[in-house]
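As given in TrEMBL:
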{"type": "DOMAIN", "residues": "15-231", "note": "domain 'YjeF N-terminal'"}
{"type": "BINDING", "residues": "ASN65, ASN66, GLY67, GLY68, ASP69, GLY134, PHE135, SER136, PHE137, HIS138, GLY139, MET140, ASP172", "note": "(6S)-NADPHX binding site"}
{"type": "BINDING", "residues": "ASN66, ASP130, SER175", "note": "K(+) binding site"}
Amino acid sequence: MKDPESISYLTQQQAVEIDELLMGPFGFSVDQLMELAGLSVASAIAEVYRSSEYNRVLVICGPGNNGGDGLVAARHLHHFGYKTYICYPKRTAKPLYTSLVTQLESLSVPFLPPEGLPQGLSNDFDILVDAIFGFSFHGMPRPPFDDLINLLVSIKEHDQTHQKLPVIVSVDTPSGWHVEEGDINGKGIKPDMLVSLTAPKLCAKMFCGPHHFLGGRFVPPSIVDKFKLRLPPYPGTSMCVRVRKPPQVDVQVQIPPENLEKHGEADPFVQFQKWFDDAVAAGLKEPNSMALSTASKDGKPSSRMVQLKGIRGEGFVWCSNYGSRKAHEISENPHASLLFYWSVLNRQVRVEGFVQKVSDEESEQYFRSRPREIQIGPAVSEQSIVIPGRQLLHKKYKELEEKYSDGSMIPRPKHWGGYRLLPEHFEFWQGDESRVHLRLRYFAEEIRGKRVWRIVK
């Protein structure tokens, strides 16, 4: 992995010249380059965002080659196990593009019109792929793409729900950016991932997101020599390569433990989101893993690891089998606690509160967001029930797999759904090498009928 400053960045004219050479004397066709580019984008997404956690993908495609790259990426993401949707407002009659649409329709990938997109997008998608405009675009975006770009911008600007936001992946250049000068007015799309193609364009120097990849493993050595390109080597058989390492959070530099009380937010949900974002940026495996502790009606405790699915309705949401031991204990004693521990950052967060089931609609929405092979699991597994052996589970799994092999909808089991813990107390713990650890605690209080948080430092 090279230093980003030592890598070549292309001007718009250089990018155009390289494309002309590839499709001229070097014998590449547009569809070949598009196939390789789209596969690169899908590979980069799959490397960072696992389908088990980021399953619902909306690919927004423009009218040109960048949109074609998006269509190809959508097809590969479908085969990788993602639940893919496409917004492709300005279709063209060119055979290359109509063929790509036909391929996707044959896979039953839904096409959504701009006016049919869910408001805000945050509740319905985990990944948003910006494949609207590429390096050859200039001028001001026209309808409906101006509104689509503004929609992507607004997701990062106006969220007040404390829930996990969808990540934005831009293909080659973030739409609306100047290909050389970047986000000139500072009000453009702020992607979490940028997948540069062939070589990064100059605007990529201004990209500040955590994941920058290079794709398009097709540049002949003579073009590398002609343009004096300095590009990172692709590892093994990979179709993408990181341009720079993902950011690592140095907690001692970012927020010294002795200054935690000075940097603490008034709202514990905001404080939690800041620390959770740090854990994600640090590249921790499954930063959403949490220990859930419950107790029976006679006070006997039990703990297990579960995964946070989101923060919605002022509560922490996870899913479970309603026949499990934890479910039984919650029904007897709805008080529980959650513990997040991020060892690399020397941090932990404890959340205590009251647990309730989420609505059937919310459970259904999450169940539909899971890959089909994971949807079968809850129907097969009866937690906390003694069974003769694992062979029984494998047999049931295969039976259901065959039953729904035609692609029909797998029904959500009535014994499976979500829970929400409504916090009454937060404790943020920051470790220190001196062993003088710091705690920041929040307690919920009712004042004039309104819930407020009292901070204890």
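Cβ from N, Cα, C; glycine included.
Just so you know, TrEMBL annotations are computer predictions that nobody has curated.
Overlay of TrEMBL annotations on the structure.
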residue	record	CB count, 10 Å
ASN65	(6S)-NADPHX binding site	23
ASN66	K(+) binding site	25
GLY67	(6S)-NADPHX binding site	28
ASP69	(6S)-NADPHX binding site	33
ASP130	K(+) binding site	28
PHE135	(6S)-NADPHX binding site	25
PHE137	(6S)-NADPHX binding site	19
GLY139	(6S)-NADPHX binding site	6
ASP172	(6S)-NADPHX binding site	28
SER175	K(+) binding site	26
What other residues of this chain sit with their CB within 8 A of the center of the CB atoms of ASN66, ASP130, SER175, the recorded K(+) site?
ILE60, GLY62, GLY67, GLY70, ALA131, ILE132, PHE133, GLY134, SER170, VAL171, ASP172, THR173, PRO174
Between the C-alpha atoms of ASP130 (K(+) binding site) and PHE137 ((6S)-NADPHX binding site), the distance in angstrom, to the nearest integer, is 14
Note the mean pLDDT of the domain 'YjeF N-terminal' (15-231), expressed as a whole number.
92
Between SER175 (K(+) binding site) and PHE137 ((6S)-NADPHX binding site), what C-alpha distance do you get in Å?
9
Distance, ASN66 (K(+) binding site) to PHE137 ((6S)-NADPHX binding site) (CA atoms, angstrom)
10
Whole-number Å distance between the CA of GLY139 ((6S)-NADPHX binding site) and the CA of ASN66 (K(+) binding site)?
16
Quick one: Cα separation, ASP172 ((6S)-NADPHX binding site) versus ASN66 (K(+) binding site), in Å?
8
C-alpha of PHE135 ((6S)-NADPHX binding site) to C-alpha of ASN66 (K(+) binding site): distance in Å?
9
